[in-house]
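> There's a structure below that I have some questions on.
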Number of protein chains: 2
Amino acid sequence: MPILVMKFGGTSVADLERIKNAAQKVKREVERGYDVIVIVSAMSGKTNELVGWVEETSHLYDAREYDAVVSSGENVTAGLMSLTLQNMDVPARSWQGWQVPLKTSSAHSAARIEEIPRDNIDAKFAEGMKVAVVAGFQGITDEGRIATLGRGGSDTTAVAFAAAFDAERCDIYTDVDGVYTTDPRISTKAKKLDKIAFEEMLELASLGAKVLQTRSVELAMRFNVRLRVLSSFEETDENSGTLVCAEEEIMESNVVSGVAYQRDEAKMTLVSVADRPGIAAAIFGPLAEAGVNVDMIVQNISEDGRTDMTFSCPTNQVARAEQAMTKAKEDGEINFHGLVADTEVAKISVVGIGMRSHAGVAAKMFQALSSEGINIKVITTSEIKVSVLIERKYMELAVQALHDAFELENAG
Amino acid sequence: MPILVMKFGGTSVADLERIKNAAQKVKREVERGYDVIVIVSAMSGKTNELVGWVEETSHLYDAREYDAVVSSGENVTAGLMSLTLQNMDVPARSWQGWQVPLKTSSAHSAARIEEIPRDNIDAKFAEGMKVAVVAGFQGITDEGRIATLGRGGSDTTAVAFAAAFDAERCDIYTDVDGVYTTDPRISTKAKKLDKIAFEEMLELASLGAKVLQTRSVELAMRFNVRLRVLSSFEETDENSGTLVCAEEEIMESNVVSGVAYQRDEAKMTLVSVADRPGIAAAIFGPLAEAGVNVDMIVQNISEDGRTDMTFSCPTNQVARAEQAMTKAKEDGEINFHGLVADTEVAKISVVGIGMRSHAGVAAKMFQALSSEGINIKVITTSEIKVSVLIERKYMELAVQALHDAFELENAG
């Protein structure tokens, strides 16, 4: 029997009605001939309630107890989903992480999946079970304690099961109906993509398209698991949603697949830094220690042994960055004349694997922005993306202009 | 290190404040030199929420899934209690049923405890853990599935742990401060007992003193586990509450330890039943099948081959009993002239192990009731109790009169 993995997030199982709706989608796949592994999140709101209790109890809490408490939300959904399926005459049973067992590292609250032995679930499939409903986000350590996987854990659980069971596909049901060329709230011309390559999805995810957690896409890419993102709240069929897959599976890649943005960026410039070997480490070491997530980095050409160093980070980390730099200066580790923070910028990126074989994407991007009178403050490029920082007030305009320039209304 | 088992029910851990209060009681016992095993229930209301979801999902639900869902409430409390203790610098960790592992039969939702191996918890005590916080009400079957113990399961878990770990005592913290000579709402002279024998507690429990579940008292009696009932909401010390223990531990037994009552009893009489061998089975077989909980049974002296058969049952089962009897008559299995139901009766019982060596308890009881002009409708007796049915409107008066007659205000 071919195996399909289906994952339902918190809003998709928020109450009994929605669990029933999700179960109907599962039943349809069983009728199509699949053995199904369903990964469920906690009913929305439940995890927050549990986390709230733990945090109110203790500030510096034991992560093992945190995990024991928080994992219970998924267990409840798994049982209820299994009962709902049984009610529809679909042979189903629930599995908590330790019952599978999904083995993890002992990094509680942020554990890595180490192994998913197939034996137990395969044996039940052989006995006639059609659906294994697995509580997502959790596993068991070598010490026999429950560990949760941290942010994005349920998506990651789903992909890991798909890899372990050689699933035909891993369907991620969520509250959007796929991956779009850009945010439909910003451009009404935004188009749902039928397919997107793993690499593109990674760039889009880390750039703020919050459909899939980066971690699960990385895992899918590594094990070549075909991921599909689709809506739990609409009628869906074999062609719904967006397929995230290997580049080879996409016949004719778009040069550009999407336009992403990050609203709350800040641009910081260290003016006239003494340019010497090791200066980058002397700057970005202390920033990393201070917990500043540095994104873009640009170094100007050196003049008279001094240079300007510009980087971007989230606006709410500016104070922290300033503190770290001032301290590094006082300690004599770096030397600069001034520190200029511009907190009114946004980042815009165009992403597409087709770029590799098409020159001129960056030029076309700069031209489109220039036509709208938008000034570019910082540029960085990678193999499949070009990112720029611009004044925040032009952000929406820039996204729309770029969406038009690359004719993304014809994508899909 | 001597081991103490402490059990906290749902109202005693209803919120974080109460969990903290309970944890303080645990800490005090650790300071007294005990290694402590704490058994916790779900925060009050949580189990009902979970049961509600299961029942709304499915009428004829899979008990294995019911158990998987419902057991999660206790897991949450166990984690939170452990965190709270750690916060007070008490080395603690939580244990879910399967982690102990508490092994049960596979009678899901009403499983029996089969074994509690000590190894895992003992190993942690040896490493310096002072408190094992165990999620009550649950265990694991041979098939590796979660099973719950059903009604009174958390009390029973506590007693079973006390037996398995040779605990010095099993303290049951609840919302009353002990076992009383009668219901204080009915007699202001009701007195808290310092000690009560297992056998007496069993009679009082099954007669409606709802402090301890019958099942846990039976288990405690079998393994001679000293049980103490005390309040979570008051300051408590070594002498608080009521100790339920073996008869031998009670130096001077009271002739009568308590007066119990059951308000909603009904008395039913089958008039002029043909008296023949097997007639009792022919009557009470169909009643049992119909789910009628028959309590007292009295058979009159036979005259001319016919007799009257009287029994009592809860008032809300009268209709069911009538139906069963009518059907049995139609089927020709029994023959009677009439069926009289009196739904306006109550049962009063006096209980005490001292009765065994003291004659005259029944006589004194009848005398006391007679002095108040209360007519007795049915009488049954056992070794350590005498029960009567009387008109319901005299119930409070009867309890007070008997409490006075046996001078229970001097008990304790």
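Cβ coordinates come from backbone N, Cα and C, glycine included.
For reference, TrEMBL lists these features for the protein:
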- A:K7, A:F8, A:G9, A:G10, A:T174, A:D175, A:Y180, A:R185, A:K210, A:V211: ATP binding site (BINDING)
- A:T47, A:E74: substrate binding site (BINDING)
- A:268-348: domain 'ACT' (DOMAIN)
- A:350-412: domain 'ACT' (DOMAIN)
> Please average pLDDT over the domain 'ACT' (A:350-412) for the predicted structure.
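A mean pLDDT of 91 is what the predicted model shows over the domain 'ACT' (A:350-412).
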> Using DSSP, what's the helix, strand and coil tally for the domain 'ACT' (A:268-348)?
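Helix, strand and coil residues of the domain 'ACT' (A:268-348) number 27 helix, 31 strand, 23 coil.
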> Counting across all protein chains present, how many other Cβ atoms fall within 10 Å of the Cβ of A:Y180 (ATP binding site)?
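There are 24 such Cβ atoms around A:Y180 (ATP binding site).
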> Taking the residues the record says bind ATP (A:K7, A:F8, A:G9, A:G10, A:T174, A:D175, A:Y180, A:R185, A:K210, A:V211), how far apart in Å are the two Cα atoms that sit farthest from each other?
26
> For the binding-site residues A:K7, A:K210, which Cβ has the most other Cβ atoms within 10 Å, all shown protein chains included?
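Within the set of binding-site residues, the most crowded position is A:K7.
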> Rounded to the nearest Å, what's the C-alpha distance separating A:E74 (substrate binding site) and A:Y180 (ATP binding site)? Just drop the number here, would you?
29
> When DSSP states are grouped into helix, strand and coil, how many residues of the domain 'ACT' (A:350-412) land in each?
33 helix, 14 strand, 16 coil
> Rounded to the nearest Å, what's the C-alpha distance separating A:T174 (ATP binding site) and A:T47 (substrate binding site)? Just drop the number here, would you?
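So the alpha carbons of A:T174 (ATP binding site) and A:T47 (substrate binding site) sit roughly 17 Å from each other.
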> Let me check the 10 A CB neighbour count of A:T174 (ATP binding site). How many other CB atoms are there?
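I get 22 for this one.
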> Where A:G9 (ATP binding site) and A:T47 (substrate binding site) are concerned, what is their Cα separation in Å, rounded?
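The Cα atom of A:G9 (ATP binding site) is 12 Å away from the Cα atom of A:T47 (substrate binding site).
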